[in-house]
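Some features that TrEMBL has for this protein:
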SIGNAL    1-29  signal peptide
DOMAIN    54-270  domain 'Calcineurin-like phosphoesterase'
DOMAIN    353-475  domain 'TMEM62 Ig-like'
TRANSMEM  497-520  transmembrane segment
DOMAIN    499-695  domain 'TMEM62 C-terminal'
TRANSMEM  554-573  transmembrane segment
TRANSMEM  609-633  transmembrane segment
């Protein structure tokens, strides 16, 4: 009996140990050490060994004033996901709109969040996907007027999928494990810790702590150097609208350090253009964050693309792909990772649901290749992957046939040079179609000479064709053309440009207002309109105009005083959060609502307030200064005109010169009409009213 008791005690202890000691599972969530981020691992089985695809949606802007956005999302997206069957669904911010009907009030509306929750529940049900495959990150609209995360007005934490699944950290990661590699997806929330109302809530504000968490998540598999890892990050804000941390570090620095493959974001919408893609590269990591401009979005290799040298692939780089919006464009993106190489397609659902969607995965689109995938001769991946044209075909109906066509565009028009039937890969759970080809036959120094198109027919007789995609088997990158709007929002690092633009404005305006006054005070020459008419030079004209401005000292002093007021004093004061009585005031350095631990003023949103400061300076202050100056000049012209009339009357009265009664030939009839009626002055007063309205 003693021996039986000992066995029983041993079994009891073993059971207790199994209960107390947690054993991590590959399919379970794992909390990362040292922070509140959450890690998950998903194993993909069946189908192609090294192929995964995900779906991205962004800027849904569900609004009580625009119910069609949620209704069409529910109808279209749920149906599309049911036959796409992605491994992940990424929703990159601005889930709700948070605006009043007149667009003047920006704060959280719980009705919009209740609608978002109901729609997403229905979409998950229609798609047949598990809810854990959905990741929805917070956008700036989801943060309007939220004073503190977890508070009563933080509806994102209550109604979002991330919130309901207890993904409470600022950073969450999920790893998709295939038989050949790990696909690491890291999502993060870089909205302000205290969400001000719009419009001064426009930028992402990654803190040093957040950057450290992202750095930790991106390096979680670095301890396994033999394991192939493809890294993708996703968030709401483009990097051009993401500020640096207090220590000066940026998201770009972290992404370059970890050789990120792609960063997926939203925020900008397609109203700024359809080519909101940007290739980031740097061989000098420390100086990368100092870059203020990037003139184009395409990849420019620093070495010969045909080279297989280590320098050809060791350059730090990653792609940034803004995807557009659901709000107006009804956009959705499918992103596939095939053999470690990323390709994507942006779909427009404006005309309704689509029955068939085609995504070629090889050869790669030459507009969006990276140095690591540049040349099939380098042997960086399995050579057999280059022997086939590959395309994913998603369809609600069974497929009858799939054709691959390659066109030669060099003659000036498209000439079909290859047409081949594609076959579904055996065991493919994602309808992957392949066709053999001779890759060497398409070597060419031009990155866009050859174009790939896939044509699909289903059993209903419906035919669908993909766009003509340029490709280069040598890895030579094609250009991604930017218009001025795309350069404006993607190519400029606005948080770094704010203060240079501000101080350049002040330097120029104060130079114009102060330097001429100092120079004219030492000049003995009189600058009048009459003298200017006699000698119409630029110097005389400017000197006369500034003299007239300085002759109205009240106006000049008020302009200078107002410029100093804007730098030294608050601009606004009021309630900036949805709840509570806490008020704040705004200066050119940001919002101030409290003191920091050192008893000093703490400025928040220093980059965000530029959307108020710079338009005010350039569209209110500068036009006002110009209008005041022209009014002063017009007053001098009118004074000179009256003096000329009085002298003529005197000459006519004395009878010394009969011809003197005639109009002064130096003043044209048109000028007389303008001066006599003072039409210029009236026009300037109308301009002043417009400036006041703009103010």
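Glycine is treated like the rest: Cβ placed from N, Cα and C.
Applying DSSP to the domain 'TMEM62 Ig-like' (353-475) sorts its residues as follows: 14 helix, 55 strand, 54 coil. Counting only same-chain residues 6+ beyond the ends of the transmembrane segment (497-520), those with a CB under 8 A from a CB of the stretch are 292, 527, 542-543, 546-547, 550, 556, 559-560, 563, 567, 588, 606-607, 610, 613-614, 617-618, 621-622, 625. Same-chain neighbours of the transmembrane segment (554-573): 506, 509-510, 513-514, 517, 583-588, 592, 612-613, 617, 621, 624-625, 628, 632, counting only residues six or more beyond its ends whose CB sits under 8 Å from a CB of the stretch. If you take every residue in the domain 'Calcineurin-like phosphoesterase' (54-270) and average the pLDDT, you get 92.
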